[in-house]
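Shown next, in structure tokens, is the structure this report addresses.
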Amino acid sequence: MKERFMNTYARTGLVLDHGVGARLFTVDGTEYIDFTAGIGVNSLGHGHPRLVEAIAAQAAKIMHVSNYFLTEPSIELAEKLTEATGFDTVFFCNSGAEANEGMFKLARKYGSSKNPDKNVIVTLKQSFHGRTITTVTATGQDKFHKFFGPFTPGFVYAEPEDIAGLDALLGPNVCAFAFEPIQGEGGVRPLSRAYLQAAEKMCRERDILFCADEVQTGVGRTGAVLACERLGVRPDVTAIAKGLAGGVPIGAVLARGKAADVFQPGDHGTTFGGGALAASAALVVLSELESPGFLDEVDQKGRHLMELVEGFRHPLVKDVRGMGLMIGIGVKVDPHKIVDAARAHRLLTLTAGDDTVRLLPPLVITMEEIELGVAALKQALDDVSSAPNLVPELK
Ligand SMILES: *Cc1c(COP(=O)(O)O)cnc(C)c1O
């Protein structure tokens, strides 16, 4: 079986069967606490009754009709999502990379309609924007670039937090500056409010679209609907995806003001995007997010988790970073060792960058599950520090 898959993932070997909230069960019945949420996708956890019911009901009614037609769930989602985020218009697609592609195409059309050479997109070093040729080009990490050239022209990388450097790069040929408010795959590295506000101001003055990739940080992950709200900036365009439909593939490009009506019929499209099934799932996620206290609880749970990990004062831990339930633990060893050791203690975690253990629990995780997971993490850190070479490398 295994050799029938292309060899693209360093998988764990676990075969998962079902889940309840923040707990996952393998086919042979072993239970795990889930601090991964399918890489920030399962925002409402596993087996959420309202989500399951909405998907089943919609599947029985209508699943897909193409974008030549509308369905009620997609109309309602366009309304609720723009309302919840304060944007004017939305384009639905199927993934994070596709949302970023849409954002870049929008920015290039916007720029080139002002000046044919205004097509350069500035992104950040250590960023991650996806796996298509263009989004991998936008990704400011060399390790994603080998093998896949030639790359899409017109991408330039800035050093995060270097305001003077960004100032020098944002010339008349730039149509967009795109950033993750917290760099996810690059190591859970938050950008500062001062840097983002300076970048926003420069973009406004130079008629450059200020574009957020909130594919990972969006949809409640950081304790706000979008992380940019917490950082005091208002992007012209924002891409979201991962958590939006709680596990059903979806992506969205949100735009406001001068960016809202750039596309005209024929400019851009997708076969599956905004289908009734994904839209009905996303409507449940948004309605849960908007229930009283939900986002505050995400923030409180995140703070509690961070405080517990900081409280270890563990010799392997360098620092704990993050916002809401997007948390990075900087460690002094290969983070894969900690992830493997945690799995042995029935806790699922992720890595990010070269030195970070990343935690992205379902937003509905309970305080009790957080405490159980953190206890397992402590044991994993102890295991690795007492016998660093006994822990198997991730295969
Ligand atoms: C995951 C991610 C992407 C890519 O999303 P896919 O759905 O895998 O295409 C893009 N940007 C960020 C910030 C991400 O975290």
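For all residues, glycine too, the Cβ spot is worked out from N, Cα and C.
Database features, via TrEMBL:
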type: BINDING; residues: G96, A97, F128, D213, E214, V215, Q216, T271; note: pyridoxal 5'-phosphate binding site
type: BINDING; residues: R131, T270; note: N(2)-acetyl-L-ornithine binding site
type: MOD_RES; residues: K242; note: N6-(pyridoxal phosphate)lysine
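This view paints the features noted in TrEMBL onto the structure.
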residue: G96; record: pyridoxal 5'-phosphate binding site; Cβ contacts under 8 Å, 6 or more apart: H129, G130, D213, V215, Q216, A239, A241, K242, G251
residue: A97; record: pyridoxal 5'-phosphate binding site; Cβ contacts under 8 Å, 6 or more apart: H129, G130, R131, T132, T135, G251
residue: F128; record: pyridoxal 5'-phosphate binding site; Cβ contacts under 8 Å, 6 or more apart: T139, Q141, F144, E180, Q183, G184, E185, G186
residue: E214; record: pyridoxal 5'-phosphate binding site; Cβ contacts under 8 Å, 6 or more apart: E180, P181, L226, A227, C228, T238, A239, I240
residue: T270; record: N(2)-acetyl-L-ornithine binding site; Cβ contacts under 8 Å, 6 or more apart: N67, F92, C93, N94, E98
residue: T271; record: pyridoxal 5'-phosphate binding site; Cβ contacts under 8 Å, 6 or more apart: S66, N67
Find the longest CA to CA distance in the recorded pyridoxal 5'-phosphate-binding set G96, A97, F128, D213, E214, V215, Q216, T271; express it in Å as a whole number. 25
Ranked by how many other Cβ atoms lie within 10 Å of their Cβ, the recorded positions R131, K242 are led by K242
Hey, does DSSP put D213 (pyridoxal 5'-phosphate binding site) in a helix, a strand, or just coil? strand
So if I take the binding-site residues (A97, F128, E214) and measure from each Cβ to the nearest atom of ligand 1, which come out below 6 Å? A97, F128
Three-class DSSP assignment, R131 (N(2)-acetyl-L-ornithine binding site), comes back as coil
According to DSSP, collapsed to three classes, what secondary structure does A97 (pyridoxal 5'-phosphate binding site) have? helix
Can you check what DSSP calls K242 (N6-(pyridoxal phosphate)lysine), collapsed to helix, strand or coil? coil
Within 10 Å of the Cβ of Q216 (pyridoxal 5'-phosphate binding site), how many other Cβ atoms are there? 29
DSSP three-state call for T271 (pyridoxal 5'-phosphate binding site): helix, strand or coil? coil
Number of Cβ atoms other than its own within 10 Å, given for D213 (pyridoxal 5'-phosphate binding site): 31
